[in-house]
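Here the structure comes first, spelled out in structure tokens, and everything after it is commentary.
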Amino acid sequence: MALRFPRFSQGLAQDPTTRRIWFGIATAHDFESHDDITEERLYQNIFASHFGQLAIIFLWTSGNLFHVAWQGNFESWVQDPLHVRPIAHAIWDPHFGQPAVEAFTRGGALGPVNIAYSGVYQWWYTIGLRTNEDLYTGALFLLFLSAISLIAGWLHLQPKWKPSVSWFKNAESRLNHHLSGLFGVSSLAWTGHLVHVAIPGSRGEYVRWNNFLDVLPYPQGLGPLFTGQWNLYAQNPDSSSHLFGTSQGAGTAILTLLGGFHPQTQSLWLTDIAHHHLAIAFIFLVAGHMYRTNFGIGHSMKDLLEAHTPPGGRLGRGHKGLYDTINNSIHFQLGLALASLGVITSLVAQHMYSLPAYAFIAQDFTTQAALYTHHQYIAGFIMTGAFAHGAIFFIRDYNPEQNEDNVLARMLDHKEAIKSHLSWVSLFLGFHTLGLYVHNDVMLAFGTPEKQILIEPIFAQWIQSAHGKTSYGFDVLLSSTSGPAFNAGRSIWLPGWLNAVNENSNSLFLTIGPGDFLVHHAIALGLHTTTLILVKGALDARGSKLMPDKKDFGYSFPCDGPGRGGTCDISAWDAFYLAVFWMLNTIGWVTFYWHWKHITLWQGNVSQFNESSTYLMGWLRDYLWLNSSQLINGYNPFGTNSLSVWAWMFLFGHLVWATGFMFLISWRGYWQELIETLAWAHERTPLANLIRWRDKPVALSIVQARLVGLAHFSVGYIFTYAAFLIASTSGKFG
């Protein structure tokens, strides 16, 4: 018999129904469940797949550079970044006839093109790239790295080059290499690039390999470093009249602490950024020498954790047993990594707009909106994944004897308290926030807007004031002009910070009021409810009051029959599934808030947000409805405009989203009927009947239908909002 998919499971391969295909896809990456898997092969497979992942990333970024160099307008954009629209790539076959061809021919292009809203132009410009040749060189280099990654992945699957399990479990060596090698050396290298290429580039000096050794990034070279006069590197920074990319108003400093933004580009000073990366490099190079490996000096992770017993004994045996638990569980490690990466990705979203690092990106409003939304959605998916793998850890890897009375066991012991507190917070936030919104809605409906309940966020305003925002009149810490911190700040550290905080031309510490207070609590409700569902799913993964033997059923199971009184919807997978809806909902509120506030800020009518965001009808009418009008009008009986592709995507996104409900409302048999109908039609059609469908169609399982429904819901939801966001922003600001 020919080998059928999936090869990794003989049991599934012999299944005569469509279950074989579905379950094969579902378990393709669950290496632990494959036939003949050993711990050694498991680690080696994952290790090799990392190289494949890197190869894909390098190929993708190489493609970005290549297509912009080939079909973009980088060189003309560099001449006038504020008025030339950056081109991502050409459109081969614009639909909808000649009007579409004309609508999409822009940015100085000869034919129809897509505009880039990813910020790559600003990024490449900031780091010193200036010509198409530079872009091609970068694309080729990344292509080379991609090939190297593929070879490395293949090599590490060969018997002679396969690392052993002990190598994978050597935590200290891995920490040292990742801290020093990955973060330390790469940050140092990046500082080098900024100092030798990007900063001279911002001052009109074109540095490449041919003149790399001739152009000193600082007039005195390494002199100040060796003579201990490090402060010289910060003297004579670029002036406030500096024109980016030219020598006009340029200084000579390379490592500064100016704070604030470059007046022309509205981005952080490149010399501040270089200084930051040098500091990061130093910290991580030191950190990467802290752990004990060959020489018997430094920390042992296990000793650190074992020694960490809490004072007063109120946390039991503290961290005892944790080292082996974490080191032997890939799911625990993945959960920790995803939790960290998720938080970092969300922080990237918050900082990319408030402290823009790339020249002129702050004035490209559509790009700012797209990048914020993109990073928040990515963060949401990564964070929910952290809890999913936390739950799988509890089911597959947790050993109660090994963790007796330590902090992990105690989390399980008092899970009822954790869940009830989260539940109480969610209910409190939900009812109070909705109550305020609805009260305000009713007051506006009855024509008495003055009876709204409007709460000033005084604590948040106080925190902003403490950091130097003076408009609230709090007179505290950095907003107190007579205080020592304020006076020191004028000269010693970050003199540009206070100017930036109090300027209205950036997104740093935006002025907040009652509308912000309400939406902040709506978002807090979403975050706490999502967390409640995820935490409950993980803490109850091994068993709950209703189903104490849950861990024997695995991570995702549908039900265990009527005998127990209702065990459907209680697998750890179900918690993840429900949490993703809440996650998407919450990020919806986050992005609506960010986008609306910024649209009014950029248009100079902040009062619209302030007045309309205090009641739900305001959000529906003045944000969603008002901003979707251009979108719905993307193509009409009179022809096509450049928003037509977004209008089409807006409709298509709704279609995909709505398709999700077909699977979510337990219409699982539809799959069976659909395939059987198609198979029947093929079997009775000449030529088509040469291809036989061998697998007997069976209805989707509950879990499968939910997964298919969730996938459509998520993709449709994001497609719809992406189209709305880009069209409504670019329609206003170009």
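The backbone N, Cα and C atoms fix where each Cβ goes, glycine too.
In sequence order, P558, C559, I702 make up the list of same-chain residues 6 or more apart from C568 ([4Fe-4S] cluster binding site) whose Cβ falls under 8 Å from its Cβ. Taken from Swiss-Prot, the feature [4Fe-4S] cluster binding site applies to C559, C568, supported by sequence analysis.
For H654, the entry in Swiss-Prot reads chlorophyll a B1 binding site, with the evidence type sequence analysis. Counted within 10 Å of its Cβ, the other Cβ atoms near H654 (chlorophyll a B1 binding site) come to 15, all protein chains included.
DSSP assigns M662 (chlorophyll a B3 binding site) to a helical segment in the three-state reduction. Non-local contacts of M662 (chlorophyll a B3 binding site) by the CB criterion (under 8 A, 6+ apart in sequence, same chain) comprise Y670, G709. The chlorophyll a B3 binding site annotation in Swiss-Prot covers M662, Y670, and the record cites sequence analysis as its basis.
Applying an 8 A CB threshold to same-chain residues 6+ apart, the list for W671 (phylloquinone binding site) reads T18, P697, A699, L700, A705. Annotation comment: Swiss-Prot describes W671 as phylloquinone binding site, evidence class sequence analysis.
The transmembrane segment feature in Swiss-Prot is assigned to 46-69 (among others). Beyond its flanks by at least six residues, the transmembrane segment (46-69) meets 31, 87-89, 116, 118, 120-121, 124, 132-133, 135-136, 138-140, 142-143, 145-147, 149-150, 152-154, 156-157, 163, 168, 330 of its own chain at Cβ-Cβ distances under 8 Å.
Below 8 angstroms of C-beta separation, residues 44, 47-52, 54-56, 58-59, 61-63, 65-66, 68-69, 74, 124, 129 of the same chain, each at least six residues beyond the ends of the transmembrane segment (135-158), sit close to that stretch. Per Swiss-Prot, the feature transmembrane segment maps to 135-158 (among others); the stated evidence is sequence analysis.
Residues annotated as transmembrane segment in Swiss-Prot, with sequence analysis given as evidence: 175-199 (among others).
As annotated by Swiss-Prot, transmembrane segment applies to 273-291 (among others). Taking Cβ pairs closer than 8 Å, the transmembrane segment (273-291) reaches residues 171-173, 175-181, 183-185, 187-188, 190-191, 194-195, 198-199, 234, 254-257, 298-301, 357 in its own chain, all 6 or more past its ends.
If you look up Swiss-Prot, you'll see 330-353 (among others) marked as transmembrane segment. With a threshold of 8 Å between CB atoms, the same-chain residues lying at least 6 positions outside the transmembrane segment (330-353) that come near it are 42-43, 46, 362, 368, 371-376, 378-380, 382-383, 385-387, 389-390, 392-393, 396-397, 507, 594, 598.
Positions annotated as transmembrane segment by Swiss-Prot, on the basis of sequence analysis: 369-395 (among others). Within the chain carrying the transmembrane segment (369-395), a Cβ under 8 angstroms from the stretch's Cβ atoms is held by residues 117-119, 329, 331-332, 334-336, 338-339, 341-343, 345-346, 348-349, 352-353, 412, 530, 534-535, 537-539, 541-542, 551, 554-555, 572-573, 575-576, 579-580, 583-584, 586-587, 590-591, 594-595, 598, 718, 721-722, 725-726, 729, all 6 or more beyond its ends.
Feature annotation from Swiss-Prot assigns transmembrane segment to 417-439 (among others); the stated evidence is sequence analysis. Within the chain carrying the transmembrane segment (417-439), a Cβ under 8 angstroms from the stretch's Cβ atoms is held by residues 411, 452-453, 455, 518, 521-522, 524-525, 528-529, 531-532, 535-536, 539, 614-616, all 6 or more beyond its ends.
Tertiary neighbourhood of the transmembrane segment (517-535): same-chain residues 384, 387, 418-419, 422-423, 425-426, 429-430, 432-433, 436-437, 455-457, 460, 575-576, 578-579, 582-583, 585-586, 589-590, 593, 613-614, selected by CB-CB distance under 8 Å and a gap of 6+ residues from either end. Annotation source Swiss-Prot lists transmembrane segment at 517-535 (among others).
If you look up Swiss-Prot, you'll see 575-596 (among others) marked as transmembrane segment.
Annotation comment: Swiss-Prot describes 643-665 (among others) as transmembrane segment.
Residues or ranges marked as transmembrane segment by Swiss-Prot: 707-727 (among others).
Recorded stretches compared: 175-199, 643-665, 707-727; the one with the most Cβ pairs under 8 Å to the transmembrane segment (575-596) is 707-727. Here the transmembrane segment (643-665) has long-range neighbours at 96, 100, 103-104, 628, 630-635, 700, 705-706, 708-724, 726-727, 730-731, meaning same-chain residues at least 6 beyond its ends whose C-beta is under 8 angstroms from one of its own. Taking Cβ pairs closer than 8 Å, the transmembrane segment (707-727) reaches residues 26, 117, 366, 369-370, 373, 377, 577, 580-581, 584, 588, 591, 595, 627-628, 630-631, 634, 643, 646-647, 649-650, 652-664, 700 in its own chain, all 6 or more past its ends.
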